Amino acid sequence: MKDANESKSYTIVIKLGSSSLVDEKTKEPKLAIMSLIVETVVKLRRMGHKVIIVSSGGIAVGLRTMRMNKRPKHLAEVQAIAAIGQGRLIGRWDLLFSQFDQRIAQILLTRNDILDWTQYKNAQNTINELLNMGVIPIVNENDTLSVREIKFGDNDTLSAITSALIHADYLFLLTDVDCLYTDNPRTNPDAMPILVVPDLSKGLPGVNTAGGSGSDVGTGGMETKLVAADLATNAGVHTLIMKSDTPANIGRIVEYMQTLELDDENKVKQAYNGDLTDLQKREFEKLKALNVPLHTKFIANDNKHHLKNREFWILHGLVSKGAVVIDQGAYAALTRKNKAGLLPAGVIDVQGTFHELECVDIKVGKKLPDGTLDPDFPLQTVGKARCNYTSSELTKIKGLHSDQIEEELGYNDSEYVAHRENLAFPPR
């Protein structure tokens, strides 16, 4: 770790929603905001940081171009509008960045692009190479090609996956409020700001995020930002929520982050007992004393506890085609420090239809004395795996010892249902 006096350089992802870039009523671009964002990103680059933008707005710009007031309902129409708008949107970014002689690159992703491990690594290598070349990658979901079943869902999720993909230090989620509140500040004047969240896995007691379903031109809301924060912090990425119409504050917040020691954040995380109240008071006084703009920071899991590259890919890059229900003993064996692979003896039930090496959810159930699944025991989804066997093969060998596989199937492709490198569980 660098000394406190040394300048720290970060990899920073900035996510901008459609409502940050396009007026919800007129559908006109917010060129002033875009210009401020460009100035901020250029300044961050000059400070030595690497920056990636995740930019929504292609569909919104397409609606404006085609003089349409509402988002179409049919998928083909939406994809056509996205194709029209995406070119114009990247053109605006290019024009603004060119005023500073800053080069950009467009990266359009679909979930299909990262379903394969080799493609996932290729995407990772491409973005990192662009950063090393001093280029600003501008990432968006390819709404022209992606289908509903395998979409990222929203660009909050895409920004979290992008952050994990490149091992970013910080993810900034820009929105229409300056931070997370205990309630909607527009409708509840008593809503209190939440400035730091040490551990999202412990929940957010006293915080109501319902009702923030996103704008007319976008798909996100506060709940999707919390999902993104959970994904990113589990991958070791600090995540921040801040107001989009003051993008210059990103630089001020980054300068503040440079003064912090890693131990300071770890101490806050370790001392956190689920009570947010006192913590917010201390954080508010600290930000006020240093004249740091309001924002919410979700502290990332440390290096020992965050998801590694392949684990994150399995959990969040792959789409589950079914589920494998295991007993509690198998789960304990899979999650200990030197975890083992999943053996057929630990499998109680198989759900859905899937092929070899497709992704499945791992669920924990209770085994009855006859070896079948207890229907009264609530199943808990605990992770994901890439299976060495199809669902029909696994149905035949579930509960058996590995040396019985060949007798049952006539062949033995592997003693494991899933090898340990093809298993992933969220940090506990």
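Even glycines carry a Cβ here, placed using N, Cα and C.
Marked as substrate binding site by Swiss-Prot on the basis of similarity to another entry: S56, D143, N155. Under the heading ATP binding site, Swiss-Prot lists T175, D176, T219, G220, G221, M222, E223, T224, K225. Per Swiss-Prot, domain 'PUA' is recorded for 321-412.
Annotated features taken from Swiss-Prot, shown on the structure.
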{"residue": "S56", "record": "substrate binding site", "DSSP (3 states)": "coil"}
{"residue": "D143", "record": "substrate binding site", "DSSP (3 states)": "coil"}
{"residue": "N155", "record": "substrate binding site", "DSSP (3 states)": "helix"}
{"residue": "T175", "record": "ATP binding site", "DSSP (3 states)": "strand"}
{"residue": "G221", "record": "ATP binding site", "DSSP (3 states)": "coil"}
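Between the alpha carbons (Cα) of T175 (ATP binding site) and N155 (substrate binding site) lies a span of roughly 12 Å.
Neighbours of N155 (substrate binding site), defined as other CB atoms within 10 A of its CB across all chains, total 26. Cβ packing within 10 Å was compared across the binding-site residues S56, T175, and the lowest neighbour count falls to T175. Cα of E223 (ATP binding site) to Cα of N155 (substrate binding site): a distance of 13 Å. Around the Cβ of D143 (substrate binding site), a 10 Å sphere holds 22 further Cβ atoms from the protein chains shown. Listed binding-site residues: G221, E223, K225; maximum Cβ neighbour count within 10 Å falls on K225.
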